[in-house]
Amino acid sequence: MESTIIFPSPNWFKSSVLAVSSDGWLVYGGPTTSLCILRPLKNVSNSEQCYQTAHLSRAHGEKIICVTISPEWPEKRSIVTGSPDGVVKQWSLTEVNKSIRIKFDQSHEIHKNENEEVVGVGYSNENIVITVGSFGNMTLWDTTSNVVKMFDKFLKNFKPTCLACSPHLLLNVAVGTKQGIIFVLDLNGKGKILYKVRGQNEETINVSWCPQYEVHVKKTLDVTEVKSNLVDRLAKIRLEGTDEKLNKSGLAKDLPDDSFNDSIVQEDDMFDIYKDHEEDEFGHKKYKPEIIRVRCHEEKKEDSDFLADCLKLKKDLLDRKNAPEESIESLVNALDNAHVDDSNSEAKSEEGSDTAEVNKENSADTVAVEERGCHTHKHLLASIGKLGSVRIWSKTGKLVGSCAVTTSNSKNFKTKIPGWATLNWYRPNMLLIADGKSQLLTCNPLKVDSKNKLHWTVEHALHKRGLHCIATNAPRLIKVTDSNRKTDGAKSKCENIIEDLDENFKDCVIWTTAQDRSIVCYSVEKHECIAMYNSCGGYVYCIDPCPYDARQYALSMGDGAVRVWETDTIEDDNTKLSNGKVRMYWQNVQGKVLTIAWHPTRENILAFATAESRIGLIDTGGKSDKAARLLHVALRGGIYSLCWGKDDNLYACGGGELVQYATRSTEETTSINVEVEGIKWNLSFVSFDVRGILVGSLVGGIAILDPDTHQLVVATFVFSKIIHNMQWHPQQTSSSSEDSPYQNLIAVSSLDKQHTVAILEYKENIEGGPKLQLSKMLSGHKGPVLNVVWNPHLEQYLLSSAQDATVRVWDVVAGVCTHIFGGHSYSSIGVAWSSFPELSTTVLSGGADYNVRLWDCKDFPADTFEEIKHDYTIKEKKEKKKKKANKTEEEETSQEVDNTATILTQDNIVKGQKKFLLTTIGRQMYPLNAVKLSKLAKQMLRSDILNTDKEDLGCRDDFIKIFGNTNDINAVLDMEMENHLAEERLSSWIILSVIRGDMAGMVEFATKRDLLCPFLVSLAPCVSFKYWKDTMQLYLAQIDRKVAKGEADKITGGLDFGGVIYRKVCLLLSVHDVKGAVNVLTEARLFQAAYVLSRTRHMDSIAEETLKKWAVDSYENGMYPLAAFCYIALCDPNQAAIVLSKINSEEYLSLAAHLAKIAGQSTFAEHIDDKLQQIHNGENGKTENLKPLPTRAELVIEKDAKEN
């Protein structure tokens, strides 16, 4: 069974995004729209807890922000999730072949119909789920009958932010709002508001119920007074001007500080308005504080006698022992006569100064404490605001206690990190609080001082920044039995109950998540960190084992950070790896890290490359996370390939280019061009080895360069699409001290549709020079193969990852797949073997499910593989169609003026008519075939390629003339216009005349047929002002004729002129903007019309650019013959051959081979010939002499013969 090393990262700043079950399962909303499940694994030999991850992408339309677990867990593994898309879904979890299967059960879309987000979900009991939306709509969902009841009046005009269902009373729920108001509702029947209070002056972030219904709050006489600066300043004022020469017969004593509370105005005296003025000028004189001193008898210190003190103490003890017991009446009187001595308070405040220094934020002067007793409260609720204010509320809405914690959103605290304080009522006498930064605080909510204040302490600060979520596996409901209520001796009733309940929380832990992407498991009872797990917020693109330290693995991920996992074998069992620790480096990375590479000789030097063309170096030595050193940008686009060469040279490949960085000296870059038979390759991959530098091209080419001179050694073609990865076989493996017999093998993966892994053999010492020969093709993947890695310990095994979400192990000698791992839910990308020789079959893999998994291939044989698919039925396409239909209906019925901006999308872009302008040419040109391409190649390349006698009867080749000279183009357009007239396509004739620039002929044609309209008249000013006046006169005469004939309704004309696109083209041509007209046609994908327009206006450069755009668009849309047609018209036989080689047809492949030979690419032509031979052999191999199936009568006769 596999375990997960790095988990998907929970969503940031969501208090209810994580839920923990009683048996340790973790459920939370992961990156983007995913749902993540963590199942604890039973591991006897390993003391560290391991987890197995199940990941479901696109669980919702938007990210999941609230999760809750069914109270029936683990008998019924059911969960409910909510998202800002307004949908609430219920899921069930099952185990299939040692893996977790996530199944979608049911959902409701009440909040989506109200156009609001879901902000809270919770189970009220086993079958009822309560949800609340951002606009105040609450729902009561019966999951058994799938019936939803809606409450829309209780929270009207409020914006809820959180929800908590009471574990004690059915359908009682607490809701916090953005306005700081807290509602406690009873949804039984028609529902009612039990109470609502202003909980905070800021937004309420979270609410939590006390797990025990009835508790006893201990109230003491603690007085908390925070020192103010004004009191200190008043003390300084009193000391000013004191006379040092006092009467020696008395002692000077200051009156108490509170003697002038009614007379002294505590205010800022930085500016005195009475200065430089008369004392009585502005009315009464301002009071000036003075020191008032009195005389008293001098206190004489008596000499202490130690023996006398001991005898006095002995007498006191004997008196207490022999004294009669006090009655209840005397105790009551003593309690009534109790008072607070101010003299003792100062002493005790000095004794508690050490504690105040530990918690500086909670520092205060504490005075004498005397217990008053326990007060019983029921159904307590805790709430916390965005700025850290905590409140405890009773069943009637009375404030029981409060405190405040400092958050980063404080007015006096400036930081870029947003604060997100939250809380969780862990057990009756412990409240967990997140301060919004990185600290977890604990507070006893059952103990308040005389001012109803709570005191908190710091529990841990294991996170680096942004702690935002607290979850626990502690029981939500605690029932106190009668045996718990018995008191024991001098202990109070509440203390006795708490001690009895401590046993229930001995094995409970808490989980916290933060912005530093770490998930911490902590035991409050033991005050220790149990485990700290790292999480990932992006794809795992690459896993690179350290070449000199088997314990370290570098991981490149798409969340803007590089991670180094440091592990080791377990002491008791060296066949298993420990969880280890993960170090994260994010400073100066700033982007998706696509690839990484350890330096082969210098320790702790790691190179990385990102999707933003950024390349840098990281020093992984030391404990602190050091910032990366960036190299200057020399490439464009994403960099998917990176490797180290000789003399600290770094090779990087991106955007079709290959460069070399001199990292040790001046960081100079050298561009390396790879030309094969006179054609420069666009490269996609590079891998350095002393035997040769492997490079791959975007069209499936593979070449080996000399590692010193970078000269081409040998080149070949294996695939037709981009080369994604290549790797030399190790010269030696850890299991042998001799050179491997397979050291000349090269494994190649590509994005080709064949979904195969090619094994090439490099033969050097042969006649005719080095050669790359295809040894085997490993087939079995159902998607493009992304990465290949040779086993460093077992020389015949190869590891591959693909987009089919599987990781396969191949026996290259036998050419078969031996093991299949299907634990990833989506594409598996980065893979690596374990560096420990004793773990030769252990694999690390990561991919698009944001996980890094550790597994042993022996546990996953190929014959037992079964694909696991998560069941989630989402009717997105039908919903989109409904939205479009509703949108069109609203647009038709709406007549109001809308001043908002219109959003341009692909759905509302108007498409032009492709068969409107050049109908005859289109009929001749389409459908394209190899014969028509051969005719065009013969015309453009001046070379006979195929036998063109096979052309169909009646098929003309006039379409080729549009690529000829000006006379050929005019001849084709004249023929097209004649056919328009013959078939009564008048609009096409008029638009084609405008495109050819014959404005006078167009107006004359329209005048004779009474086709003038405001649109055609608006084009006349492009000729001259006089011509426009003449056209207007003709249009006026046409109007008179129409009115006389009784056809006044046809004055504006009834022709559409090809729609909006061609009308825009004509208007742009009327203002002589030919380039703008061409752009309009190309954006509407009317490339043929755009090319003809460019040629008729003698703009050959624009015509060539149009052909290139046409070729690229056809290639991207899979129309390979049309793309080849454009490349042949551009006189580029090499690109035409590359495009045609992707079509598995003999005619097209033969044409591609001839075009490659014309371009001088003999190597590529040989590759196409080999492909043709494979197709020919495959067709011959499939033909079998099958016997015809017997008829029913023959079967009956045969059956009777057997019975007899």
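Yeah, the Cβs are placed from backbone N, Cα and C, and that goes for glycine too.
Per TrEMBL, the feature repeat 'WD' maps to 57-101, 778-812, 821-856. Feature annotation from TrEMBL assigns domain 'Gem-associated protein 5 first beta-propeller' to 113-364. Look at TrEMBL and you will find 339-361, 876-897 tagged as region 'Disordered'. The domain 'Gem-associated protein 5 second beta-propeller' annotation in TrEMBL covers 547-847. Annotation source TrEMBL lists domain 'Gem-associated protein 5 TPR' at 961-1174.
Panel annotation: around the repeat 'WD' (57-101), residues 1, 11, 14, 16-23, 25, 27-35, 37, 39, 107-123, 125-126, 129, 131, 133, 139, 141, 143, 163, 476, 822-823, 825-826, 848-849, 864, 866, 868, 870-872, 874, 876 of the same chain, lying at least six beyond its termini, place a Cβ under 8 Å from a Cβ of the stretch. With a threshold of 8 Å between CB atoms, the same-chain residues lying at least 6 positions outside the repeat 'WD' (821-856) that come near it are 1-9, 30-31, 34, 36, 53-57, 99, 535-546, 550-551, 553, 555-557, 565, 569, 574-577, 734-735, 783, 786-787, 789, 791-794, 799-809, 865-868, 870. Per-residue confidence over the domain 'Gem-associated protein 5 TPR' (961-1174) averages 88 (mean pLDDT, predicted model). Across the repeat 'WD' (57-101), DSSP assigns 0 helix, 21 strand, 24 coil. Secondary structure counts, DSSP: the repeat 'WD' (821-856) has 3 helix, 18 strand, 15 coil.
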